[in-house]
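J.: One structure coming up, written as structure tokens, with questions to follow.
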């Protein structure tokens with residue numbers, strides 16, 4: 001099936017037909033589309049959003065060329081197009097798939113993601129795409145592209161897309177064209193000085209000779225005032241007042257939302273500070289407990305060393321006593337209480353048996 005490349009996110013109205021009819025349609029999960037780093041370097045584990053940036057990064061590593069060289073199979077990869085995982089989205093249809101991975105990720109973040117990672121410090125507006133946030137910073141504080149509902153857009157394509165769906169747009173006055181025609185109709189008779197227009201006013205009187213044409217035109221206020229233009233002027237005045245009220249109300253609503261957002265941000269910052277202080281106190285208590293346990297461990301270690309020294313001295317005394325014993329009956333008497341202690345029985349019995357053997361030999 002032959003696929004066509006849809007309208008891009010930057011508002012390009014020209015769709016281009018894919019030259020490769022065997023393009024592979026790829027449908028990524030929302031979790032994959034929300035990942036910030038899609039391509040990871042296998043040497044230093046650094047992530048990149050584009051494959052081109054990863055290839056340029058690999059050149060910085062001083063590794064043999066064989067590791068950077070691609071196989072022929074990798075070069076003959078089919079072209080891929082990406083569809084949106086949302087079933088109700090236009091780009092979910094393969095005929096409207098996007099031909100760039102970065103484009104589909106920006107589209108999903110911009111249209112279907114709720115998490116606004118980048119927030120403007122001046123107006124507290126959040127953006128899910130970093131490029132949109134940077135474009136907003138360039139025009140934040142200026143008028144930019146303002147809609148009749150009070151919203152201001154930094155991108156032309158976003159402003160046009162909003163106007164297609166905005167329901168608070170200012171209605172065009174229907175009598176504006178009639179007002180222009182009426183004004184033109186008032187100006188048209190002023191350019192002529194024919195006396196025919198005064199015929200009904202001079203009924204029953206002899207006609208006067210028309211005055212000689214002169215190069216100077218009479219001023220516009222010399223003609224009689226037409227009362228029919230008054231309703232149009234009042235209508236235009238009412239429309240201007242209505243537009244001013246709508247814009248003022250929109251600005252008031254925007255200021256109120258900004259103040260509420262700032263209050264919520266301050267409350268969250270206060271809670272975060274309290275949590276940080278509590279964590280700091282817990283860390284200090286844990287450090288004190290650790291120092292106490294460390295001191296107790298050192299004391300126990302010292303006591304254990306002293307016990308080892310006492311044990312060594314006792315063993316030395318036992319050995320010296322065994323060497324002094326020469327009577328066989330005394331050895332038997334000394335052997336009875338020693339066997340009661342199971343911890344030193346093996347050591348004492350070895351010395352007793354050796355001493356007994358030496359006495360019998362003598």
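Placement of Cβ uses the backbone N, Cα and C atoms for every residue, glycine included.
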J.: Quick one: sort out which of 16-38, 39-61 is the zinc finger according to Swiss-Prot.
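T.: Matching range for zinc finger: 39-61.
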J.: Pick from 1-22, 67-88: which range does Swiss-Prot record as region 'Disordered'?
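T.: Result: 1-22 is the stretch Swiss-Prot calls region 'Disordered'.
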J.: With Swiss-Prot as the source, which of 142-154, 155-167, 168-180 is set down as region 'SHR-binding'?
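T.: It is 155-167 that Swiss-Prot annotates as region 'SHR-binding'.
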J.: Quick check on the binding-site residues 149, 166: which one has the highest count of other Cβ atoms within 10 Å of its Cβ?
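T.: Compared across 149, 166, the most Cβ atoms within 10 Å surround 149.
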J.: So which residues does the zinc finger (118-142) touch in its own chain, when a touch means Cβ under 8 Å and the partner is 6 or more beyond its ends?
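T.: Cβ under 8 Å, 6 or more out: 106, 109-110, 152, 154-155, 258, 261-262, 265.
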J.: Taking all residues of the region 'SHR-binding' (155-167) together, what is their mean pLDDT?
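T.: Average per-residue pLDDT within the region 'SHR-binding' (155-167): 82.
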J.: With DSSP as the reference, give the number of residues of the zinc finger (82-112) in helix, strand and coil.
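T.: Its residues divide into 18 helix, 3 strand, 10 coil.
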